[in-house]
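*Asks:* If you scroll down you'll find the structure; I have some questions about it.
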Amino acid sequence: MNNSPSHSLPGQALAHAVIWIGIAITALPLYIAFVASTLSNPDIAQAPMPLWPGDQGWENYRTVIIEGMQGGHLSPPVWLMLFNSLIMALVIAVGKISVSIISAYAVVFFRFPGRMFCFWLIFITLMLPVEVRILPTYEVVTDLGLLNTFAGLTLPLIASATATLLLRQFFLTLPDELVEAAKMDGAGPLRFFWDVVLPLTRTQLAALFVIMFVYGWNQYLWPLLIVTDQNLDTIVVGIAKLIGTGDATTDWNLVMATTLLALLPPALVVLLMQKWFVKGLVDSEK
């Protein structure tokens with residue numbers, strides 16, 4: 001069989017063509033959003049809309065970042081909504097990982113009565129849709145007086161059955177000899193967790209952090225229910241409020257500018273942690 005490079009050129013060309021087509025399909029909406037964010041509203045209303053950036057970009061971005069104008073009425077500036085979303089995403093990501101790694105560690109390494117019952121209890125929560133849990137959760141948060149607080153925004157979303165299951169599966173791959181060697185060295189549960197398990201789990205934790213950060217950043221329904229103070233609005237809720245209803249006029253140039261700004265933090269997290277993210281996902285499958 002001839003495996004010379006010339007025989008693989010058509011396949012490589014086809015693969016590259018498919019990749020570039022996929023990139024173009026993904027990038028086109030982002031480019032149109034960027035162009036719209038640099039135009040005025042009358043320019044966007046033209047048919048067809050201009051496909052080259054306009055000269056209103058600086059003014060549009062300055063307006064949404066600093067002034068937060070919404071149809072002529074003051075709304076939270078984008079920097080404040082980005083800050084709220086950042087706090088929410090970080091607390092949810094760190095909280096989910098902290099709770100999940102302790103839960104998975106206990107289920108795998110502690111031999112206590114009802115251990116598997118606890119595991120299946122965690123697993124069953126995956127079968128309950130958000131719509132089933134959201135009303136009782138809202139009532140609990142209301143009774144605790146946590147409406148319009150960061151605690152109310154984040155605490156109910158910290159528990160994660162998905163992260164617990166993923167970490168449990170990784171812990172099960174650790175050899176029993178490792179546990180026995182740690183016991184022979186006199187390592188207790190806390191030392192074994194801190195000196196052995198935690199270093200081995202770094203890539204998985206990095207992958208989970210990216211997933212949970214994006215999950216927390218994209219939350220819409222829960223912040224919409226919990227927050228009535230506009231100064232606590234997250235960026236996702238803020239974008240929805242920018243879109244006018246009824247007879248209200250929507251400033252689509254400001255909406256597109258806000259949307260692009262909202263993409264930056266999660267995109268930066270993914271780019272900065274891409275190496276560990278991919279490695280963590282691959283290692284979890286072993």
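Residue 1 is the first one shown; counting continues down the chain.
Just so you know, glycine gets a Cβ as well, placed from its N, Cα and C.
Pasting the feature list from TrEMBL:
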| type | residues | note |
| --- | --- | --- |
| DOMAIN | 82-273 | domain 'ABC transmembrane type-1' |
| TRANSMEM | 12-34 | transmembrane segment |
| TRANSMEM | 86-110 | transmembrane segment |
| TRANSMEM | 117-138 | transmembrane segment |
| TRANSMEM | 150-171 | transmembrane segment |
| TRANSMEM | 252-273 | transmembrane segment |
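Just tell me what is around each of these and how deep it sits.
*Replies:* If one looks beyond the transmembrane segment (150-171) by at least 6 residues along the same chain, the residues whose Cβ comes under 8 Å of a Cβ in the stretch are 87-88, 91-92, 95-97, 99-101, 103-105, 107-109, 119, 122-123, 125-126, 137, 140-141, 144, 197, 201, 204, 208, 212, 216, 219, 222-223, 226-227, 232, 234, 283-284.
Beyond its flanks by at least six residues, the transmembrane segment (252-273) meets 30, 33-34, 36-41, 44, 56-57, 60-61, 63-65, 69-70, 78, 82, 85-86, 89, 206, 209-210, 213-214, 217-218, 235-236, 238-239, 242-243 of its own chain at Cβ-Cβ distances under 8 Å.
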